[in-house]
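Participant: My questions all concern the structure below.
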Amino acid sequence: MAKRKKLSKGQIRRIQQNRQRKLARAEQDETPTVAIDDAQLGSEQHGLVISRYGQHADIEDEQGNAVRCDLRRTVGSLVCGDKVLWREVRYDGQSNDGKRRGVVEAVQERHSQLTRPDYYDGVKVVASNIDQVFVVSSVLPDFSDQILDRYIIATEDMGLTPTLVVNKIELADDAVRQHIDQRLAYYQSLGYPTLTISCKQQMGTDDLLPKLNDNISIFVGQSGVGKSSLINQLIPGANIDVGDVSENSGLGQHTTTASRMLTFPAGGRLIDSPGVREFGLWHLTPEQILNGYIEFLPLISQCKFRDCKHQNDPGCAVRAAVEAGDIPQFRFDNYHKIMQSMEENRSNRTFVR
Ligand SMILES: Nc1nc2c(ncn2[C@@H]2O[C@H](COP(=O)(O)OP(=O)(O)OP(=O)(O)O)[C@@H](O)[C@H]2O)c(=O)[nH]1
Ligand SMILES: [Mg+2]
Ligand SMILES: [Zn+2]
């Protein structure tokens, strides 16, 4: 899948500001998270973060082997997909548990990052250096075009084109199937590839494989839609934990808690990410939200007023397109629901951008 656009200046500035803030915070304390004797460390080498949890990260070395690493505090934000410089601990005859250990010294510039807002951290980076985003949804939890729109906005904001995958399609009755097909047909008309699959019945999953051969891909989507189940099927031996969808709420149980990168024998990489109940967008500006509605964009300049909210404003070209049947009502309604939820979040939360 081709990258459609580069990061805007504003996006780059925001990324840099965040990085600066984190660095400034980190520089207050230069000590590593654990006592490391520098004399014990080998020379710097390149590595790739394949998992990040607590105070540690698993790094893949250049030979493809995983090494558990501690982090220098100066490293600040480190996520799955980051390219790093790291040094191996040399035990030189001392007893250890036989496992290789290392220290991450520095992170290289990211070419992309998937972010979501976080109560405590401001903005949380989910994973970095991603080339392809697969938005996974399902029939249980219910298919929701609003949730899809949220992931589409986030993916467009990265300058990437999402592929939309609907899993558990064997659970859909005729009415649900028709609804999903209709929605997917529209998304496809916007240029987003779509796939309906059943991991359980191994239907359609083979169509996914060729798309995952190169590059770094990520599976995102609500908890319980089957991201980890799919990866287990696509990569035999992946052995990722999967969890049942709650019978009461019809929602997933947040089984995957940290992003993790897996490798296909052919060389492609795939990141499994933890599902979130609500994929918040309140770290984005109204313009970034609008950029996720790519069919609105060519119309904006035709709106009568420059500050048109594209709602009940007189002479709104977007609303006219909805009334003419060129843009479906659901996209228009989702846009306004998401804009409204951002307003509410801004006034309710202390979080500042
Ligand atoms: N009926 C049906 N169930 C499926 C299918 N694929 C996965 N499941 C089930 O869905 C449940 C949730 O699967 P997971 O793979 O843990 O979902 P996840 O998206 O990784 O969830 P989080 O890690 O919480 O984000 C499990 O009970 C799976 O067995 C499918 O095609 N059909
Ligand atoms: Mg999972
Ligand atoms: Zn308008």
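Using N, Cα and C of the backbone, Cβ positions are placed for all residues, glycine too.
Curation plays no part in TrEMBL annotations; they are all automatic predictions.
Straight out of TrEMBL:
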type: BINDING; residues: Gly221, Gln222, Ser223, Gly224, Val225, Gly226, Lys227, Ser228, Ser229; note: GTP binding site
type: BINDING; residues: Cys303, Cys308, His310, Cys316; note: Zn(2+) binding site
type: COMPBIAS; residues: 1-12; note: compositional bias 'Basic residues'
type: DOMAIN; residues: 111-279; note: domain 'CP-type G'
type: DOMAIN; residues: 128-277; note: domain 'EngC GTPase'
type: REGION; residues: 1-31; note: region 'Disordered'
Participant: When secondary structure is assigned with DSSP, how many helix, strand and coil residues does the domain 'EngC GTPase' (128-277) contain?
Facilitator: 48 helix, 31 strand, 71 coil
Participant: Checking the binding-site residues Ser223, Val225, Lys227, Cys308, His310: which ones have Cβ within under 6 Å of ligand 2?
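Facilitator: Those binding-site residues that pass the cut-off, since their Cβ is under 6 Å from ligand 2, are Lys227.
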Participant: Do you know the mean pLDDT across the domain 'EngC GTPase' (128-277)?
Facilitator: 94
Participant: Round to a whole number and give the Cα-to-Cα distance in Å for the pair His310 (Zn(2+) binding site) and Val225 (GTP binding site).
Facilitator: 33
Participant: May I ask which of the binding-site residues Val225, Ser229, Cys303, Cys308, His310, Cys316 have a CB within less than 6 Å of any atom of ligand 3, listed in sequence order?
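Facilitator: If the test is a Cβ under 6 Å from any atom of ligand 3, the answer is Cys303, Cys308, His310, Cys316.
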Participant: Please list the binding-site residues from Ser223, Val225, Lys227, Ser229, Cys303, His310 whose Cβ falls under 6 Å of any atom in ligand 1.
Facilitator: Ser223, Val225, Lys227, Ser229
Participant: Among Val225, Cys303, Cys308, Cys316, the binding-site residues in question, whose Cβ has the most other Cβ atoms within 10 Å in this structure?
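Facilitator: The largest 10 Å Cβ neighbour count belongs to Val225.
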Participant: Around Lys227 (GTP binding site), how many other C-beta atoms are within 10 angstroms of its C-beta?
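Facilitator: Lys227 (GTP binding site): 31 neighbouring Cβ atoms within 10 Å.
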Participant: Using all protein chains in view, find how many other C-beta atoms are within 10 Å of the C-beta of Ser223 (GTP binding site).
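Facilitator: Counting Cβ neighbours of Ser223 (GTP binding site) within 10 Å gives 19.
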Participant: Closest to Cys316 (Zn(2+) binding site): which of the binding-site residues Val225, Lys227, Ser229, going by Cα position?
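Facilitator: Comparing Cα positions, the closest of these binding-site residues turns out to be Val225.
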Participant: List every residue in the same chain as Ser229 (GTP binding site), at least 6 positions away in sequence, whose Cβ is under 8 Å from its Cβ.
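Facilitator: Residues satisfying the criterion: Asn167, Cys199, Lys200, Val242.
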Participant: Out of Gly221, His310, which has the highest number of nearby Cβ atoms, where nearby means within 10 Å of its Cβ, if these are the binding-site residues?
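Facilitator: Within the set of binding-site residues, the most crowded position is Gly221.
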